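Q: Please find one structure pasted underneath; my questions will follow.
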Amino acid sequence: MATINDNYLKLKAGYLFPEIARRVNTFVESNPSANIIKLGIGDVTEPLPEACRTAMIKAVEDMGDRSTFKGYGPEQGYGWLRETIAAQDFQSRGCDIDGSEIFVSDGAKCDSGNILDIFGKNNKIAVTDPVYPVYVDTNVMAGNTGENNDKGEYDGLVYLPISADNNFLADIPTEKVDLIYLCFPNNPTGATATKEYLKAWVDYAKANNAIIFFDAAYEAFITDDSLPHSIYEIEGAKDCAIEFRSFSKNAGFTGTRCAFTVVPKQLTAKAADGSEVELWKLWNRRQSTKFNGVSYIVQRGAEAVYSEAGKAQIKALVNFYLENAQIICNKLTGAGFDVYGGVNAPYIWLKTPHNLSSWDFFDKLLQTTNVVGTPGSGFGAAGEGYFRISAFNSRENVEEAMKRITEQFKA
Ligand code: MLT
């Protein structure tokens with residue numbers, strides 16, 4: 001009989017968001033008339049920007065004409081998109097990133113999991129707690145951890161606690177680690193990082209020959225001009241960081257699928273024989289073998305994000321969700337909740353009232369207000385007692401959800 005990857009058996013029940021969907025479906029089965037408002041998974045609700053749609057329609061027409069038809073594209077993405085990204089997202093901010101260092105993909109979630117393919121098995125890996133669960137689960141699947149222990153943590157991982165006490169900014173470890181996951185603006189807490197804070201991480205990584213996986217999927221939500229959008233705004237980061245970006249949350253591509261990963265050419269890690277190997281080469285090899293690129297039509301849509309019209313439309317879209325976040329923060333604060341994030345980020349992180357556990361609050365909120373959020377404990381043991389509300393929804397739904405919650409949980 002064939003055998004399985006036993007590491008999968010170490011995973012806790014289901015992945016967080018399908019588990020939430022399962023509980024909501026069960027509730028709806030017994031309460032079919034409930035008007036559910038979903039502020040759980042960070043999935044966008046507003047239509048694709050007009051500039052992107054127009055570019056994609058034109059690209060569909062290109063596919064209908066032999067002279068402009070496209071078959072397989074480059075696995076790394078079309079040069080015109082990679083160059084545009086490098087120029088507009090990085091060079092315009094003073095980051096020396098070249099188009100050849102951009103790898104276009106179908107998602108930052110996939111890339112942040114797949115990146116482990118090119119790393120060895122004996123790395124010491126650090127994650128914050130709470131954390132985006134993909135980082136942890138993909139390490140479990142890859143065999144980089146032991147079992148889930150009685151603290152709800154995986155043996156072998158280094159957990160860096162984040163809470164209101166440290167402004168949701170993990171302390172730089174005192175021990176040596178090899179791989180570090182950082183996400184700013186942060187999912188789930190909505191915290192942001194200053195240049196000084198990221199510089200401390202870059203200095204640590206360089207001193208310890210570590211690699212930072214920097215997830216900047218929410219960078220478009222930064223409105224404070226002093227905050228960095230990319231880790232490459234920090235001197236030395238090209239020597240120690242891989243960055244993940246996405247069109248999902250800025251341009252509404254969660255269903256369209258397009259993202260990219262930046263792997264600087266000078267970034268290296270050690271082979272078993274002690275030699276230093278360029279990670280760019282390995283990632284290029286990995287992508288050429290396991291990935292056939294993002295569709296031409298979608299890449300044209302992504303390119304339009306950088307047009308003048310696209311930039312204005314994306315700004316309006318992001319501002320719309322940020323206004324939602326502001327409404328959520330104001331209403332919940334007014335109702336007596338302790339609220340964090342939601343300013344340069346689409347996520348609001350709150351302390352559950354009356355010391356309820358995260359899942360108890362989830363159930364109570366669902367049953368009494370028909371509003372869905374995400375239990376903080378789903379992001380790690382240190383998320384227990386917290387809860388995440390997403391600002392991705394229509395204005396009407398956000399206002400209605402806040403009305404229901406504030407009526408139910410008056411200060
Ligand atoms: C979330 O709700 O945390 C996001 O949807 C995560 C993701 O983009 O995969």
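Cβ from N, Cα, C; glycine included.
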Q: Could you look at Y159, Y218, Y321 and say which one TrEMBL places alongside Y72, A108, K109, Y132, N187, S246, F247, S248, R257, N292 in the pyridoxal 5'-phosphate site?
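A: Of Y159, Y218, Y321, Y218 joins Y72, A108, K109, Y132, N187, S246, F247, S248, R257, N292 in the pyridoxal 5'-phosphate site that TrEMBL records.
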Q: Can you find which of R245, R388, R395 TrEMBL lists as binding substrate at the same site as Y15, G42, K109, Y132, N187, N292?
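A: That substrate site, as TrEMBL gives it, pairs Y15, G42, K109, Y132, N187, N292 with R388.
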Q: I need the least crowded one of these binding-site residues (Y15, Y72, Y132), counting other C-beta atoms within 10 angstroms of each C-beta.
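A: Result for the binding-site residues Y15, Y72, Y132: minimum number of other Cβ atoms within 10 Å at Y72.
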Q: Under DSSP, is K109 (substrate binding site) part of a helix or a strand, or is it coil?
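A: The residue in question, K109 (substrate binding site), is helix (DSSP, three-state).
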Q: With respect to ligand 1, which members of the recorded positions Y15, Y72, S246, K249, N292 satisfy a Cβ distance under 6 angstroms to one of its atoms?
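A: So the answer is none.
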